[in-house]
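To keep things clear, I will list the structure first and then write my remarks on it.
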Amino acid sequence: MLYHLLYPLAGDVKLFNIFKYLTFRTIYAMITALLVCFVLGPWVIRVLEGLQARQVIRTDGPESHLQKQGTPTMGGVMILAAIVIPTLLWADLSNQYIWTVLFITIGYGLIGFVDDYKKVVEKNPKGLSPRQKMFWQVLLAGAVGTFLFLKPGFNAQLFVPFFKNFHPDLWFWYIPFVTLVIVGASNAVNLTDGLDGLAIGPVAINAATYMLFSYVAGHATLSAYLQVPRVAGAGELAVLCGAMVGAGLGFLWYNSYPAEVFMGDVGSLSLGGTLGAIAVITKQEILLVIVGGIFVIEALSVIFQVGSYKYRGKRIFRMAPIHHHFELKGVAEPKIIVRFWIITIILALVAISTLKMR
């Protein structure tokens, strides 16, 4: 919005010429997102407390979690506001990729909101059924996959890090592949959101990593030099990624141990889906497995646990997702959280290193 209002006036007011710089708008999207969280945070927490939107803690989980009983949840609405508002203010709103990602951000946020509202406000413990949630997730992700597949100039090739000449064309299978990436990322983040700050920290790190890759993908010279897939217009997603980083840090202000508020499904489903959509548009889907390694490990721990119990009658972990396994082994919650953040930072550095490893 500010870009469209002020940049056209740059001929008369030279100061407004700064709005053409992507780096400037990305930095201020990040700062704006932080401010949105700081301004809205206390109010959102009070409203959630007034609605009795409080987290219900499982009695079969770690005993230390019982003290979290009654903590407000659905704080993801704050995150959504802190992503959407700065993006609308600082991004070039004529860019189709911005609206494509916001479609997933808001759409998945609505799915999570309805599920949370039914569970914690209407006191319906089932919320949306898994089948209902999956239906809407697949529908929205499939719509994005179809849009990209039919978009002129956007190819259906899969780019694999470390292999500069290996670009298999997925053709029609690109649509289910996009669906898998977005839905998988969404649910992986959702499974990770089990400790104070455990999910939002890696999400912010992932967003910062994709902020860099979005900028490179949209830059003709840099993408050619680094042999990164060139996606004209994808650079604008750096602004949205910047907003995600700011929103993540702002929410962490309230969600760090001991948490004053939880993000709920409205936050986790939306954030994961957003990362998946950005990965797809920047042609860095495989990279998400690297930088989002913590999310992958958390999801796989659940899959292996369920599969092992179903077919062998035995559990691999004391409890899944794997962060609960470490809790039951006596590792303190803050230590698990910080260690997972450290691992994510290392994985992000590995992901960034692929820019020079072709």
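Every residue gets a Cβ built from N, Cα and C, even glycine.
If you check Swiss-Prot, you get these features:
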- 27-47: transmembrane segment (TRANSMEM)
- 73-93: transmembrane segment (TRANSMEM)
- 97-117: transmembrane segment (TRANSMEM)
- 134-154: transmembrane segment (TRANSMEM)
- 170-190: transmembrane segment (TRANSMEM)
- 197-217: transmembrane segment (TRANSMEM)
- 233-253: transmembrane segment (TRANSMEM)
- 261-281: transmembrane segment (TRANSMEM)
- 286-306: transmembrane segment (TRANSMEM)
- 335-355: transmembrane segment (TRANSMEM)
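In this chain, the transmembrane segment (335-355) lies out of contact with the transmembrane segment (97-117); the count of Cβ pairs under 8 Å, excluding pairs fewer than 6 apart in sequence, is fewer than 3. By the Cβ criterion (distance under 8 Å, sequence gap of 6 or more), the transmembrane segment (27-47) is counted as touching the transmembrane segment (233-253), at least 3 such pairs being found. Contact between the transmembrane segment (197-217) and the transmembrane segment (335-355) is supported by 3 or more Cβ pairs under 8 Å, counting only residues 6 or more apart in sequence. Scored by C-beta pairs under 8 angstroms, the transmembrane segment (134-154) has its highest count with 170-190, from the stretches 170-190, 233-253, 286-306. Counting residues 6+ beyond its ends, the transmembrane segment (233-253) has Cβ neighbours under 8 Å at 22-23, 25-27, 29-38, 41, 75, 78-79, 82-84, 86-87, 90-92, 95-98, 101-102, 197, 200-201, 203-204, 207-208, 210-212, 214-215, 217-219, 263, 267, 271, 274, 278, 281-282 in the same chain. Outside the transmembrane segment (170-190) by six or more residues, the chain places 104, 108, 134, 137-138, 140-142, 144-146, 148-149, 156-158, 199, 203, 265, 268-273, 275-277, 279-280, 285, 288, 292, 295-296, 298-299 with a CB less than 8 A from a CB of the stretch.
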